[in-house]
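Peer 1: TrEMBL lists these features:
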BINDING   G167, R168, S169, I233  NADP(+) binding site
DOMAIN    7-122  domain 'Tetrahydrofolate dehydrogenase/cyclohydrolase catalytic'
DOMAIN    141-289  domain 'Tetrahydrofolate dehydrogenase/cyclohydrolase NAD(P)-binding'
Amino acid sequence: MTEASIIDGKGFAAGLRERVSRVAADFEAKAGRKAGLAVVLVGEDPASQVYVRNKNKQTVACGMNSFEHKLPVETPEADLLALVEKLNADPAVDGILVQLPLPSHMNEQKVIATINPDKDVDGFHVVNVGRLATGLPGFVPCTPLGCVMLLKDKLGSLSGLDAVVIGRSNIVGKPMAQLLLAESCTVTIAHSRTRDLPAVVRRADIVVAAVGRAEMVKGDWIKPGATVIDVGINRLPPAEGETKGKLVGDVDFASASQVAGAITPVPGGVGPMTIAVLLRNTVVAAHRNAGIGLDENAI
Ligand SMILES: NC(=O)C1=CN([C@@H]2O[C@H](COP(=O)(O)OP(=O)(O)OC[C@H]3O[C@@H](n4cnc5c(N)ncnc54)[C@H](OP(=O)(O)O)[C@@H]3O)[C@@H](O)[C@H]2O)C=CC1
Ligand SMILES: Nc1nc(=O)c2c([nH]1)NC[C@@H]1CN(c3ccc(C(=O)N[C@@H](CCC(=O)O)C(=O)O)cc3)C=[N+]21
């Protein structure tokens, strides 16, 4: 079997950010202000802090305003809801992202429901979930949209292909399945109760792994030539002499890349796409909310 080609998510994301930068400059010229993204982080989870810092840097690098709000972990839920309401009303803010997970004393659904759906660049609000399910324009969650962009870039049309999504979370698995269905794939959603997962995965032309279990999907589960998208971000315990453990996906890259036709690496695959799509959604939100026309498919 020949080695799989490596899908360069990092490179594709850089190209997408370049297109976003051009559109953001055009928006500024037309609207007389920069597009703006507000990111809210509650608590001090070190991994979340890294993501939020990266988002801020890349937002500014694309010519948009970044409004960072850091709240202490013990913040009452009512204070977070009040901040979201303030951002909803702020005309300089086009997109709002509340970093998940939230501390356990907060109700995530309630917080997401408070975000104005037209500023919900994560696509997590029920209104956007419903729009995606019924095929109406809205905002689509960044990670699955990034995965579909990589798939279409690699394969062209996805019509008629068998796709298996492993994982059924609201932020990755379910919207991923909806997007693949909209591309006319035959979609199977697998999860922790699925019987004989290896046999289910072996049928797939497209495998999307979003499980949160390091290197769970093995090479002998993959149909030869299939395209494998690895969403998982897992940190292994540090090996001897390492201070930080290695970052790995939900797919056993060493064995899967011997069988697959194409595969995304971790890091450098889906992760960078997530942030680039967030910036894309923000510049799209800015145009929609200001009533300025934009060819969204050209970004
Ligand atoms: N690259 C990126 O930008 C992003 C990466 N991630 C990463 O993606 C992964 C998934 O994230 P997320 O969707 O939020 O995770 P969740 O924990 O919310 O969901 C995990 C899903 O995997 C299923 N699952 C768990 N164990 C198994 C198993 N043994 N066999 C089959 N299915 C199983 C669960 O099934 P059940 O429902 O039955 O419990 C669940 O549906 C994580 O590693 C996360 O860090 C997440 C977001 C963005
Ligand atoms: N409201 C909300 N929206 C999110 O989109 C959201 C969230 N909450 N909570 C956490 C998850 C996770 N997530 C990632 C983003 C970028 C990388 C990323 O850039 N990864 C790099 C590596 C980064 C590193 O080295 O740690 C890569 O894969 O190459 C990963 C994961 C967004 N999420």
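Even glycines carry a Cβ here, placed using N, Cα and C.
Could you place these features in context, so I can see how deep they sit and what lies close by?
Peer 2: Applying an 8 A CB threshold to same-chain residues 6+ apart, the list for R168 (NADP(+) binding site) reads K174, A177, I189, H191.
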Peer 1: Report the largest Cα to Cα distance, in Å and rounded to a whole number, among the residues G167, R168, S169, I233 that the record lists as binding NADP(+).
Peer 2: 16
Peer 1: Averaged over the domain 'Tetrahydrofolate dehydrogenase/cyclohydrolase NAD(P)-binding' (141-289), what pLDDT does the prediction give?
Peer 2: 97
Peer 1: Given the binding-site residues G167, S169, I233, which one has the fewest other C-beta atoms within 10 angstroms of its C-beta?
Peer 2: S169
